[in-house]
Amino acid sequence: MNLKSKNPTLYYLQRAAFYLLVIVIGVYLLAPFFWAVLTSLRSPGDLFLTPTQFIAAKTTLSNYTEVFANPNFQRGLLQSLIVAVGSVAISLLLGAFSAYALGRFRFKGKAIVMYVILAVSVFPQIAVLSGLYTLINNFGLYNNPLGLIMSYLIFTIPFTVWVLTSFVRDIPGELEEAALVDGASPLQTLFLVLFPVMMPALVTTGLLAFINAWNEYLFALTFTSTNRTVPVVIANYSGATQFDQPWGQIMAASIVVTVPLIILVLVFQRNIVSGLTAGAVKG
Amino acid sequence: MTVNTAPKPAKTRGIETARARQAFWLLLPTLIAIALVAGYPLYRTIYFSMFEANLTAPDQKTFIGLGNFWFTTEDGIALGFLQDPQWWGAVKNTLLFTVISVFLETVFGMIIALVVNSAFKGRGFLRTAMLVPWAIPTVVSAQMWAYLYNDSFGLVGRGVLGGVALLASSNEFLGVEQRIWAMIAVDVWKTTSFMALLILAGLQSLPSDMYEAADMDGASKWTQFWRLTLPLLRPALLVALVFRSLDALRVFDIMSVMLGNVSAARTSMTGYARQALIDNQLLGMGSAVSVAVFVIIMVIVVIYVTAFRVKFD
């Protein structure tokens, strides 16, 4: 602050350097995404153009129409939606029960339960891949969204339990005591008293778990053959015709599955940071 | 479920016992689910790691003890994966990937967080921009970068920005060495935001009066960073480091999408395990590799937690 009057040259140099850094960071974070959006709006023939010509080339939505007409992609969207919503719904329900018990009740063995859940959250997925594969086959769930929903619980459950527990701890106890005095059962207390208070936490946790399930690749690639989720479809994208690799369409498909996530993330910005820190920084 | 505590009025103990029982029932579904999707499959993986078995016929298996890990036939043919140089290549590449990318993410994440934490015009915009790479699915960012690296279409791959065709090496074996750096660049781009978000949350919880006192004492910004910010951020930073390292150690998506599963088996431990298990249908061998990956990751967790005294909760 003093620098401005004492040594204006140095002050403005510093400010300029700072804004330069801001611009560099902004470009670094956004340029690859911007280029993907741009590519999705260009016709396949324009991909060879030099960058300046490419930016100036004609905008077209043909990649998007072709992507949406692609049966694999349509199916992928549906599968992803079923699998992500299914596993998030189960995790939120079980997670809310557990969080209520872990955040509000005192009992023997609580620390052990917490450590088991934490241990599962650092599990490498590959460690259960062969065990799950044989189980899923035994139950006839190969290529079935149920098999994926089940396998996704391995990362969605620990996450929801941790985040919701740290949230339940911060809810003032009077609410629940009042319900207990009125003779409410624990389930009534949970559903009628705590759930409404927990709504913001449930939404945030659900959203973060949804993002994780929506993005999952290893299980989806391994446990399905035709009922693939969107990440697997995008990873192995081939257009309607036998092009080499239809980059315009791949980028269009990528944008289609990413934009809803980005919008959700931007809308819930503040909640997400608190959800992430509850889930990651506190453990 | 019984609760044994020091003698208390009978009524309180009755409530405590009842509460403990209720807690048990509330936790039961979660515990069953975890046992079903994590505990039992892990047990089966460990179990199969000691058998020679094919994925298509898991029931026709032969017990071979630790033969999947280390086994040399009478003709001197090494069959255990620990004798396979490709496995050790995958381990080396994964460790390199983890160390370099987590280091760069931490440095870049710190810089971005410090910038966003200071007051300037456009702060809100940068804060929002920060969320974009994090919100993009890993597979999508891998495809985006595969396109950027592509030697006939890509911005980087065509050398437009002084880049080189990182993925276009014609020699599969030589290619891996330089490709790992291309993979690191993708991972750093994708996850620096996550690191920056966590560090930013840590920065905003630091007490501002300490900085005012430090300003009064004439400490430079540089000194303040090293003497105040960094020590106070330590706990948050360490937990973020643990989680990022674990994610990087089990990396698979980026390599699988950008290089294909064959090369992924040379660049990531998970890729190697998956190739043995699914592509080669070797249930026993694949399980053994998975067990090794599990052990390596658990050892690193224990080292982290004890060496840095990371506290959870």
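A Cβ is built for glycine as well, from the same backbone N, Cα and C atoms used for every other residue.
The transmembrane segment feature in TrEMBL is assigned to B:23-43 (among others).
What TrEMBL records for B:91-306 is domain 'ABC transmembrane type-1'.
Look at TrEMBL and you will find B:95-116 (among others) tagged as transmembrane segment. If one looks beyond the transmembrane segment (B:95-116) by at least 6 residues along the same chain, the residues whose Cβ comes under 8 Å of a Cβ in the stretch are 123, 126-127, 130, 180, 183-184, 187-188, 191-200, 203, 225, 237, 240-241, 244-245, 248-249, 251, 267-268.
Annotation source TrEMBL lists transmembrane segment at B:128-149 (among others).
Residues annotated as transmembrane segment in TrEMBL: B:155-176 (among others).
Positions annotated as transmembrane segment by TrEMBL: B:188-206 (among others). Listed by sequence, the residues of this chain that lie at least six past the ends of the transmembrane segment (B:188-206) yet keep a Cβ under 8 A from its Cβ atoms are 101, 104-106, 108-110, 112-114, 116-117, 130-134, 136, 138, 141, 145, 228-229, 232-233, 236-237, 240, 244, 247.
TrEMBL lists B:226-246 (among others) with the feature transmembrane segment. Packing against the transmembrane segment (B:226-246) from elsewhere in the chain are residues 98, 102, 105-106, 191, 194-195, 198-199, 201-203, 206, 210-211, 214, 219, 297, 300-301, 304-305, 308, 310-312: each is 6 or more residues past its ends and has a CB under 8 Å from a CB in it.
The transmembrane segment annotation in TrEMBL covers B:282-307 (among others).
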